[in-house]
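> Just lifted these from TrEMBL, have a look:
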type	residues	note
DOMAIN	B:14-79	domain 'HMA'
TRANSMEM	B:99-122	transmembrane segment
TRANSMEM	B:128-149	transmembrane segment
TRANSMEM	B:161-183	transmembrane segment
TRANSMEM	B:189-207	transmembrane segment
TRANSMEM	B:345-365	transmembrane segment
TRANSMEM	B:371-394	transmembrane segment
TRANSMEM	B:662-678	transmembrane segment
TRANSMEM	B:684-702	transmembrane segment
Amino acid sequence: MTGLAFLIPVALGLGLLGLAGFFWSIKNGQFDDADGAAMRILIDEEDSL
Amino acid sequence: MTAPTRNQAAIALPTADFAVPAMRCAGCIAKLESGLALQSGIVNARVNFTAKRVTISHLPEMTLPQLVAAIANVGFEAIPLSESGVEDENRDAQRLLKALAVAGFAMMNIMLLSVSVWSGATGVTRDLFHWLSAMIALPTVAYAGRVFFRSAWGALRKGHTNMDVPISIGVTLTTALSLYETFTHGPHAYFDGVVMLLFFLLTGRWLDAVMRDRARDGVSALLKQRASGAMVLHADGQSTWIEAKGLKPGMVMLVAAGERLAADGILTEGCSSFDLSLLTGETAPQSVIAGSIVHAGTLNLDAPVHIEVTATGADTAIADIARLMEQATQSKSHYVRIADRAARYYAPAVHSLAAASFLGWMAVGASWHESLLICVAVLIITCPCALGLAVPAAQIVVAGSLMRAGILVKDGSALERLAEVDLAMFDKTGTLTLGRPMPDNLDQATDAQKAILLALTRASRHPLSEGIRRTLEIEGVKAASVGHVREVAGAGIYATVDGQPVSLGRPDRDIAHDGLASQLQVEGQDAFVVHLSDQLRPEAAACVTALARLGISSSILSGDRAESVAPIARSLKMTAQTSMQPQDKLDAIARQTAAGHKVLMVGDGLNDGPALAAGHASIAPASASDAGQNAADLVFLGDSLSPVATAIRAARKTQKIVRQNFMLAIGYNILAVPLAISGTVTPLIAAAAMSGSSLVVVANALRLKNAASAR
């Protein structure tokens, strides 16, 4: 039973971490241009120099 | 190159948004971003591919037309976007997404704890788990439930009820009772049920908001802010670009050929012809001379003119139409969405059922605590979880399918209304027809003539050239190499091919059938006259037939003269009313509505704006005026008219699926409610039933994925 005292806070903490990460990414505009993000990986950066 | 821009970036630079509908690939993003940054005056450009937009931060001295020209230099056509309320609306979806994420997190963790309770945890462990669940659930309900509480409170205060009232009552009562159970070491707490309920309902709300945003992004990328200003000639002979809202009566605008007017005025210098089709629906251009009165929104066709502004903004002829539109829109806001209509019957039924089971159990001698538990079980089982998902899930799936087919749906209620229409009214110019002059007799031209035509039209900005160029480009004609190109306003375009002078311009003799025409003159050859006319959209006839098969009869409401409407009405076998003012179109729709018809209005022009707003549902082509696109419920891309029939078919299919979903949700209630009333429902059964019914409803909605393509 003492295992619970560790495991439950760990489980909740990890969940909260994920939630915080999600909130951060929304606020940071990571979801503003989902299609564009998929395209940008194809851009050859060296061309722009 | 980077050093000066860094210095500039220290002060806050102005930014401007542009829609660039033509961007299609990663190459376009790279070309726009790196290409624009190299242009003088532009500090930084950032592309939003999803919304097809570019945000440019630029030096303060750059004007809008200069920025548009800069984008044109990189090879894209750009349309300046005014700062609209789009951002705020986006936040609406974002707020829902945040609430959804919180509810999802809470649901998973509470479920984790609940599973241990269901699998037999007792005593202190169960209490501990209940307490933990309560600690997660209470803030979640407070945060994620706000949307429902606020809307329910709003409805109650006005003395009526909506879907959110039973939800709010169910959620609050269940949370309170579960808390009491936790305090008194009871065996059952419904925290998982409450949070799961919020999660599913928020999913529905979020889908609804996403659909609205996506369509709005699509539409605003198309909105052409034509004539958002004008070149104004000052007393000292200088001319500057002034935006539409800065124009004042008395100013003199320089209007080039191919430009739209930004304000009403009187022509003071030059003579030209004006295309009034946006305002009146009339196709034949009207010739204007000094002293003629011209209106905002009309297009200057031939030659540059000077126009003295007489009225701006709210005083223009366009503003009158806008006022009519506003009035017409109000009638549409009375439409009650299907989910709310269902809730009108559902909410009282559920509440009386819950109250009856409470009183019933009290009457047969159960304690008030037991009776309340059963009452809560009834509330949670009947909570319109599947109902809340049934409509938005089906509508977003179908909107996605329609979007792939080139049809943008403004919101969910548009689909519901579209499914009900039984009468279609079409505008002529720009709706049944393409609204731009297309050449009729290019097949009679020789290959050499075609090559020269293409080369000349490419160099010209005249609207007649546009149609010829497009047709030739589609045919795959190769342009001849021309030299010494010069365009003489009002006369034509002159150049040389292999040293021979060639020209394309006004025909020397009057054309017999009073149509639009352009004459190609090559030295030493007979002149070739290209006749142009406004042609029917492809598949216009097929669309009318398809509508008839759906039980929808069609007619024409046109602002054009009877002579020009008649051939089109004859070829499509439709009845037509002609020479109609915007108010007449509005009245025609009102008459049909009074006769019990649900009218679908299909139109594009400014003059159709009020009618589009008044119709039970309305569709506009993407080539429509801003006003037309704003007023319409759906906007379709491309030239073909067939999307009208496709959209109606898809809307009807959606309604069928929505009704099936309602039946599924009600069927589930009929099965589960007796269990709840008899007091045999545990939190485990409630959770299983709730998620099960939601999944079934979503799966059923997914069947609509190809609604826009399948016949």
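Cβ atoms here come from the backbone N, Cα and C positions, even for glycine.
Unlike curated entries, TrEMBL annotations are predicted automatically.
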> DSSP on the domain 'HMA' (B:14-79): how many residues come out helix, how many strand, how many coil?
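Reading the DSSP string over the domain 'HMA' (B:14-79) gives 23 helix, 19 strand, 24 coil.
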> Give the mean pLDDT for the domain 'HMA' (B:14-79) on the 0 to 100 scale.
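Averaging the confidence scores along the domain 'HMA' (B:14-79) gives 82.
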> Pairs of Cβ atoms less than 8 Å apart decide it: which stretch in B:161-183, B:189-207, B:684-702 has the most with the transmembrane segment (B:345-365)?
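Comparing B:161-183, B:189-207, B:684-702 against the transmembrane segment (B:345-365), the winner is B:161-183.
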> Given a Cβ distance threshold of under 8 angstroms, which distant residues of the chain, six or more beyond its ends, lie next to the transmembrane segment (B:161-183)?
127, 130-131, 133-134, 137-138, 141, 145, 148-149, 151-153, 155, 189-191, 193-194, 197-198, 201, 339-340, 342-344, 346-348, 350-351, 372-373, 375-376, 379-380, 382-384, 387-388
> Same chain only, please: residues at least 6 beyond the ends of the transmembrane segment (B:128-149) with a C-beta under 8 Å from a C-beta of the stretch. Say none if there are none.
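Result: 95-96, 99-100, 102-103, 106, 109-110, 113-114, 116-117, 121, 164, 167-168, 171, 175, 178-179, 181-182, 189, 191-192, 194-195, 198-199, 201-202, 205.
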